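Reviewing the structure listed below.
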């Protein structure tokens, strides 16, 4: 019976990752076509439309009875929205002010920052193999994505804000689901409306500042509107799958194994948008990164590979939750 339960959990975990990989890669390719081919460069406004679409779906599902009523305190909601919106804005500004190479380095630094948050806030401890496997993933992704590296003061500040806010937002997804026993759709039902409202208010002004173009002056065509609708539809799955994966695993595992999406985007980019960037060092970097991800999955699932030490309610007893699967249990509610 235990083996059957473990098999079912492994199948659910795999399905969750595949759901996230497919939707994430899909939305990247659709957005790349929308922005590169049709010139719709209003990334923050588009993200607001993504959350508005997600909000609409959660409202319909709640009305149909598929989402049960739940509670999320306003202070926690406001903190989450602050982290999430700073992450979105920070990433867009960082990409504008920094070279692509430094932008990629900033994205890679989210993994050690997420590790730091788990160590400090959740008292998680990593084995030597788990740490080394993370370094291998970082090395592989850096080899195949980091090219020119140049930085300036304001770009560096934007990158710091983007990295820390993203790491905090992803940590908070896992924390809120454990703390208030919220499902992924429940949490989205609380956060998506606030993010949609705030981003749709701020987005047009921020996009005008970044691109010097107004979203209302864009030359909308049937095809571009179709791509926007497609982007918003896929975004619902992307938002949901992110919450599912971080809820089932942790922010660190989501970041490490999530770099598989980077590899797939590179491969599909070479297939659909030209092969001029495909060379030996990129292929070597992909191989190193994939090997690191396999090592991480194996190392973190072993006893002691990734261990959460949490105090019981009376403070006299400690529990150890070893391995990746146990990281999703409600083990340290406060």
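Here the Cβ of each residue, glycine as well, is placed from N, Cα and C on the backbone.
Record features, source TrEMBL:
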{"type": "DOMAIN", "residues": "23-296", "note": "domain 'Sugar phosphate transporter'"}
{"type": "TRANSMEM", "residues": "42-65", "note": "transmembrane segment"}
{"type": "TRANSMEM", "residues": "77-95", "note": "transmembrane segment"}
{"type": "TRANSMEM", "residues": "132-149", "note": "transmembrane segment"}
{"type": "TRANSMEM", "residues": "155-173", "note": "transmembrane segment"}
{"type": "TRANSMEM", "residues": "185-206", "note": "transmembrane segment"}
{"type": "TRANSMEM", "residues": "218-240", "note": "transmembrane segment"}
{"type": "TRANSMEM", "residues": "252-274", "note": "transmembrane segment"}
{"type": "TRANSMEM", "residues": "280-299", "note": "transmembrane segment"}
{"type": "REGION", "residues": "301-334", "note": "region 'Disordered'"}
{"type": "COMPBIAS", "residues": "319-334", "note": "compositional bias 'Basic and acidic residues'"}
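As a quick check, the transmembrane segment (280-299) and the transmembrane segment (155-173) miss the bar of 3 or more Cβ pairs under 8 A, pairs 6 or more apart, so the two do not touch. Among residues of the same chain six or more beyond the transmembrane segment (42-65), those with a C-beta under 8 A of the stretch's C-beta atoms are 31, 34-35, 88-89, 92, 185, 188-189, 192-193, 195-196, 198-200, 202-204, 206-207, 210-211, 213, 215, 218, 228, 231-233, 235-236, 238-240. Per-residue confidence over the domain 'Sugar phosphate transporter' (23-296) averages out at a pLDDT of 87.
Beyond the transmembrane segment (155-173), the same-chain residues lying 6 or more positions past its ends with a Cβ under 8 Å from any Cβ of the stretch are 79-80, 82-84, 86-87, 90-91, 93-94, 97-98, 102-103, 106-107, 109-110, 113-114, 117-118, 121, 187, 242-243, 246-247, 251, 254-255. Contact between the transmembrane segment (132-149) and the transmembrane segment (252-274) is present: at least three CB pairs lie under 8 Å, with pairs separated by 6 or more positions in sequence.
Remote same-chain residues near the transmembrane segment (77-95) are listed as 43-44, 47, 103, 106, 155, 158-159, 161-163, 165-166, 168-169, 172-173, 176, 190-191, 194-195, 198-199, 202, 206, 210 (criterion: CB distance under 8 Å, separation of at least six residues from the stretch ends).
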